[in-house]
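**Q** Once you've had a glance at the structure underneath, I'll fire off some questions.
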Amino acid sequence: MLLFFTLGLLVHFVFFVSIFDIYFTSPLVHGMTPHFTPLPPPARRLVLLVADGLRADSLYELDENGNSRAPFLRNIIMHEGSWGISHTRVPTESRPGHVALIAGFYEDVSAVAKGWKENPVEFDSLFNESKYTWSWGSPDILPMFAKGASGDHVYTHSYDAKKEDFGAHDATKLDSWVFDNVKDFFHAARNNQSLFSKINEEKIVFFLHLLGLDTNGHAHRPSSRDYKDNIKKVDDGVKEIVSMFKHFYGNDGKTTFIFTSDHGMTDWGSHGAGHPSETLTPLITWGAGIKYPQKVSAQQFDDAFLKEWRLENWKRRDVNQADIAPLMASLIGVPFPLNSVGILPVDYLNNTDLFKAESVFTNAVQILEQFKVKMTQKKEVTLSFLFTPFKLLSDSTQLNILRKARSYIKQKKFDEVVSLCKELIHLALKGLSYYHTYDRFFLGISVVTGFVGWTSYASLLIIKSHSNLIRGVSKEVKKPSHLLPCSFVAIGILVAFFLLIQACPWTYYVYCLLPVPIWYAVLREFQVIQDLVASLLSFPLSHFVGYLLVFTLGIEILVLSFFYRYMLTAGLIAFAGWPFLTQLWTRAKITSLSWTFFSLLLAVFPLMPVVGRKPDISLVMGAGLLLLLLSLFVVTSLMKRKGSFIKEELLVHGLQMLSTVLSMYVVYSTHSSLLKKQGLPLMNQIVSWATLASSLVVPLLSSPVLFQRLFSILLSLMSTYLLLSTGYEALFPLVLSCLMCVWIYIEQETLQQSGVSCKQQLTSIQFSYNTDITQFRQLYLDDIRRAFFLVFFLVTAFFGTGNIASINRVFCNQKIMQIGISIPFILIPFVLVMCAFEAVQLTTQLSSKGKMNYLRSIGFHFFFLVKDYGSWLDIGTRYSIYSRASLISGDIISHYVIVMSMTIFLVFLNGLAQLLMTKKLRLCGKPKSHLI
C-alpha cells in the first residue's frame, strides 16, 4: 500500500511539472548578432521615467474642476511631444512590464517557476546595449537588469526594501527619494571628473523607477486622494528633473524623455489580469528625435477616451508595450535588444524618411535573425525526414523580401520599405512561435498516455480489492507469459533510442518512458479487465448510460466551476434538493432540512464579489461573535452531561474562546492602525503568530469523541481565519463546518437506507489512530456519489470566497502576507472538509482511494486547455466583459496547477486530518476515560 501511494505521488508530480516543459519553456534564443541603425541618432542620452502602477485614465483625465492632475505632462502633450496609450499584455505585473519596456519582449514564461523578481534565463536589454546606464528606484526592479548586463556599465541606486511597507509610511516618499537622489547625483558629478566625463558620453540611459503610485494604489485604491496627490507629486518631480537636465547639459537639445508605466491598476487596487484599467498605460515622449504635437480634426479609435480626456484635437499614437524598446534604441543609436519582438513605432520619430526606413529595416533583420537561430536549433536536434520547416518564411522568401526592401531604400520608396519590413516582422514572429511549440504535440501525447494509464491502473486496483463487480465471473488463472514484459522492454528501448539520437533533454525521457511501465501494469491486470467488462455487459444498457451521463455531468460541473463560480451555487442548490429525491426525507426529516438549509446558505458565497468590494470589519466581528455564542452553547450542552466534561477539556475550550476574542481584537486594532497609516502594531504580529502556531496543536488536547474533536478543530482554525478576513468570508468556515456536520449524519442515514449495518452511534464514536483496515467494506455505486461530494466540497472550499487572485484583499495583515502567512487562508477550509470526510470514512467504513479519480479527470480536462500566454492572477472569476474576453492561459495553467496540487496534497491533507482527529495530547496527569 505504501509503495502504491509513493508511486502515485511520483507519477502525479511528473504530470504536474510536465506543463512547464510542454507549455512554459523559455522562448528566448541566443547567438544573434547585434544590429543598429547605420545613421547618426538624434539623441545622445535618454531619460526613461516609469511610474509603476499608473493608469492611463488617471493621468490623462481632468479633475472635477476641469484641471489636469499633471499640468506639466499635459503641457508636454499639447506643445512639445507625442503621446498615446501603451497597451500592455497580461500578466500585468512589474517584472514582465519592465522586461517588455526595456528588453522588448513579453514576459519570460519560464519565470513562473521562480516568480517575477528573478531572471531564470539571460536576456539582452536596452541597458546592456547602452554605453552607460544609471538607475534609481525599487530594489525589486533595478537588479533584474544589472544582473544580466555584460561588463560593469549598469549602475543601480536603490532604497531599503523596508521602505516599501505601504501600511506604515507615506508612499510618495519613495518617489521623492528617487528625485532627490538624481539631483544629488548630478550635483556630485560636477565635482567628480570621472563621473562627469561618463555622463557626457553618448548612448547613455537614465532610468527613474517611481513606485509610489503602485504602492498607494494597493493601499488606498486609484480613486483615493492619496493616489491622485501622488500623480501631482510625480508631475512636479518630472518637471524638476527635466529642468535640471536642460540646465546641466546647456539645453543642447540632445536629450530624449520617455514617460510611461509598466502596468495599470483596477479600481480595487490590484493588477495582474487583463482589465483595460490594468493594460492601458500612458506614454508621453518629448525631446530629441520625437515628433512635435500634431493637431487633428478627427481621430478614429474604438473607445471614447479622447473626448473624456479632452485630447481629441491632439494626435494620439498607440503602441504595444514592447514597441517602446526599439523606439528607445533607435533614438540613441544603440543595437536593438537581441531578444526584442517589438515593432518600431516610426510615427513617433521626428527624422528623415531614410532614417525611419533604415531603422525599420534593422528592426526586421534583428527579429528575423532570432527566427533563423530558432530554426537552426530545432533542425539540429530533429531527424531530417521528420523535420517540417515553417513554410511561410523559407530561405528564398527571406532573401526576396530583404533584397526588395534594400532596393526600395535605394529608390527612396520609404513607405514601401516600412510596409514590407513590417510584413517580414510578422512572418518572423509567427515562425518563432511555430518552432517554439514544435515538440508540444509529441510531448502532450506522451503525458496524456501516461495520465490515462495511471488512472486506469488505479481504477483497476480499486475494483480488484474493494468491489464485488467481478464476483461470480471466476476464470482459471493462466500462467504468466514472457511475451508481455519482453514487448514492453522492446518498446522502452525503441523510445529511448529515438530520444537519444535527437539529443532530447532528460525530462523528455521521463515523459515518454513513464507510460511504458504504467501500461504494462495495466495489461497485467487483464483478468480484472475481462471480469469488469463481463460485469458491465450484464448491466442493463439504460442504467449503464444513465450512470455514465451522471458521472460525466458531475465532472463537467466541477470543471466549469473553475471558470464560473456560480456553477458552485448551482451544484449546492442541486445538493439541497437531493434528500427529497430519495427516501432520506421520510427517514430523517430534521437532518434533511438541515442539509437543505446549510447547502442553500453555502450557495450564497460563490455569488458574492471576490474583488472590488470595500472591507467590512463588522462582518468579521459578527462571525467572531457567532463563533463565541456557538462555543457557549456547545460547552453548556456538554457540561450538562454528567461526567462527560472534565476540567482539562473545559480549560481547552476556554483557551480557544480566548483566542477567538484576541483575534477579533487584532483585526479591529489593525484595521484602525492601518487607516491612520501607523502600520501593523508589534503586539498584533506576536498575537497573530501565536494564534497560527497554536491552531494545529490545541485541538489535540480536546476529547477524541467525534463531534467534540471536530468542534475543537473549528474553534482553533477559525481564530487564524478571522485574522486574514476583511468581510463576509469570515462567515464561510462556519457555514461550511455546519454543512460538514450534517453531511456526517446524512451519510450514515444513506448507509442504513442501503442495508449496510452501522456498528456505532455517532455520539459514541471515538477516533483511534490505528484504524483496522478490515473494517472497510466493499464499495457500492453510492460511494461514487460520496467521492464526488468530497471533491465538490474541496473545490467549494477553494473557490467559495474567491481565489488566489483575491488574496490581495486581505490588507489587514499585509506585512504578514509578505512572508506567506496567507497560506492558511487557503488551507483552513480544506482541512475542515478533510476532517469531516475522515469522520464519514470512519462512520461508513469507506475506503478513501476512489476520490482521486475525480481529480485526475478534472486535471485531464485542464491539460488540454493550457496555453502559454495570459493572466496568472485572474483565476476562476469573470467580473466583466473584458475579463471574459481574456479567457486565456493564466486561468488554465492556474486551474491545472490547482487540480494537480490538490491531487498530490490530498494525501498530505488526509494525513493532517487523521492527526487532528485521532491524536490525543494531555496537559498533565494520567489519561482519563471519556464517558458518553
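Including glycine, each Cβ sits where the backbone N, Cα and C put it.
Note that TrEMBL annotation is computational and uncurated.
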**Q** For the record in TrEMBL, which of the ranges 1-22, 617-638 is the transmembrane segment one?
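**A** Range annotated as transmembrane segment by TrEMBL: 617-638.
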**Q** Check the transmembrane segment (680-701) against each of 506-523, 535-557, 563-581, 819-842 and return whichever range has the most CB pairs under 8 Å.
**A** 819-842
**Q** Can the transmembrane segment (650-668) be said to touch the transmembrane segment (617-638) if we require at least 3 CB pairs below 8 Å and skip pairs under 6 apart in sequence?
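**A** Counting Cβ pairs under 8 Å (6 or more apart in sequence), the transmembrane segment (650-668) reaches the transmembrane segment (617-638), since there are 3 or more.
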**Q** Looking only at the domain 'GPI ethanolamine phosphate transferase 1 C-terminal' (430-871), report the model's average pLDDT.
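**A** Over the domain 'GPI ethanolamine phosphate transferase 1 C-terminal' (430-871), the predicted model scores a mean pLDDT of 78.
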